[in-house]
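**Q** Supplied in structure tokens, the structure appears directly below.
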Amino acid sequence: MVARLSPTNLLPWLIALFCLIWSSVFAVARLGLAHSPPLTLLSIRFALAALVALALALALRERLPRGRAVLMLALIGIANHALYLGLSYLGMRHVPAGLTAIIVSANPVLTALLAALVLDERLNGRKLAGLALGVVGVAFILRHRIVAGTDAWLDMLWPLAALVALSGGAILFKRIGLAGGGFGGLAVQLAAAALFLAFPAWGLEGGLAAIEPVAEFWFSLAYQVVLASVIAYAIWFHLLRVSTATAASAWHFLIPPLGVLFGWLIMDEQVMWADFAGIVPVAAGIWLVTRSRTPLRSPPPR
């Protein structure tokens with residue numbers, strides 16, 4: 001008998017969907033980057049996704065953010081969209097999609113540290129042990145790749161900077177509260193990110209003239225707009241609302257093995273044994289960080 005999906009037991013399915021989309025988008029993005037400069041691709045993606053999110057907000061009759069909330073959401077959009085993905089895409093000119101996913105998956109570590117400093121979230125021994133295991137797994141994979149000579153550590157500075165932007169955006173979201181959420185808030189974030197990247201994209205990359213409008217580019221763009229920029233981010237901010245910043249970010253530790261897998265399937269990127277050997281401590285870290293004595297509940301329907 002199939003269990004009825006309540007708001008409570010729907011959460012694991014949302015997490016699974018988020019991780020699948022989030023880990024695959026790096027490989028799919030590299031398809032588009034073969035036919036478009038990175039900042040140009042992102043500015044178009046964000047602009048289109050902002051229109052989709054706004055249409056959904058109006059269709060659902062959401063209350064659109066106003067006043068100070070618009071400014072705060074714009075700042076989150078610049079950090080969590082423009083800076084995070086802008087740096088990631090610039091890095092993917094040299095760094096494989098799978099390795100980018102691995103580096104970004106360290107988000108729970110940095111988010112937990114920032115949350116303890118800024119949000120006064122408590123880091124007990126269990127969470128610290130889980131975060132340590134996650135770091136060990138990711139570090140093992142990175143070290144093996146550097147020693148093997150397949151990737152240069154200097155190229156990793158791009159995704160590392162992207163990691164800082166993503167963690168900072170998560171903390172900022174929790175810091176300012178929950179006002180202005182939903183698709184209306186997402187539309188503001190995406191519009192701000194599109195404007196933030198539009199000027200460097202036009203000035204440094206030549207704008208729309210630099211795009212090769214082939215089928216592979218359009219597929220990549222559509223995937224990024226609908227699944228990555230709208231659906232995945234809507235799930236991500238929902239997770240931030242119903243849990244602590246540390247617990248919400250801890251699910252990023254599922255992304256390294258999936259990111260490597262999608263990089264191999266879509267872009268035929270090289271997969272090393274160390275990539276999957278690091279999964280064991282990573283999985284243990286997820287369980288420790290996200291385990292809670294009190295069941296995590298979704299907010300009641302409005």
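Any Cβ shown, glycine's included, is placed from N, Cα and C.
Pulled from TrEMBL, these are the listed features:
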DOMAIN    14-142  domain 'EamA'
TRANSMEM  37-58  transmembrane segment
TRANSMEM  70-91  transmembrane segment
TRANSMEM  97-119  transmembrane segment
TRANSMEM  128-146  transmembrane segment
TRANSMEM  152-173  transmembrane segment
DOMAIN    157-290  domain 'EamA'
TRANSMEM  180-202  transmembrane segment
TRANSMEM  217-236  transmembrane segment
TRANSMEM  248-266  transmembrane segment
TRANSMEM  272-290  transmembrane segment
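Buried or exposed, and what's around them? Tell me for each listed feature.
**A** Nonlocal intrachain contacts for the transmembrane segment (70-91), taken as residues 6+ away from its ends with a CB within less than 8 angstroms of a stretch CB, comprise 26, 29, 33, 38-39, 41-42, 46, 100, 104, 155-159, 161-162, 165-166, 168-170, 172-173, 176, 180, 185, 188-193, 196-197, 229, 233.
Residues of the same chain lying 6 or more positions beyond the ends of the transmembrane segment (152-173) and with a Cβ under 8 Å from any Cβ of it are 72, 75-76, 79-80, 83-88, 90-92, 94-95, 99-100, 103-104, 106-107, 110-111, 114-115, 118-119, 142, 146, 237, 240, 245, 248-249.
Across the domain 'EamA' (157-290), DSSP classifies residues as 116 helix, 0 strand, 18 coil.
Same-chain residues lying 6+ beyond the ends of the transmembrane segment (180-202) with a Cβ under 8 Å from its Cβ atoms: 37, 39-40, 42-43, 46-47, 49-51, 53-54, 56-57, 60, 62-65, 69-70, 72-78, 80-82, 85-86, 229-230, 233-234, 237, 241.
Nonlocal intrachain contacts for the transmembrane segment (217-236), taken as residues 6+ away from its ends with a CB within less than 8 angstroms of a stretch CB, comprise 14, 17-18, 21-22, 25, 28-29, 31-32, 34-36, 41, 44-46, 48-49, 52-53, 56, 80-81, 183, 186, 189-190, 211, 248.
For the transmembrane segment (272-290), the list of distant contacts is 98, 102, 105, 108, 112, 126-127, 129-138, 140-141, 144-145, 148, 150, 246-247, 250-251, 253-254, 256-257, 260: same-chain residues at least six beyond its ends, Cβ to Cβ under 8 Å.
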**Q** As a test of reading the model: what is the averaged pLDDT for the domain 'EamA' (157-290)?
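**A** Residues in the domain 'EamA' (157-290) carry a mean pLDDT of 82 in this prediction.
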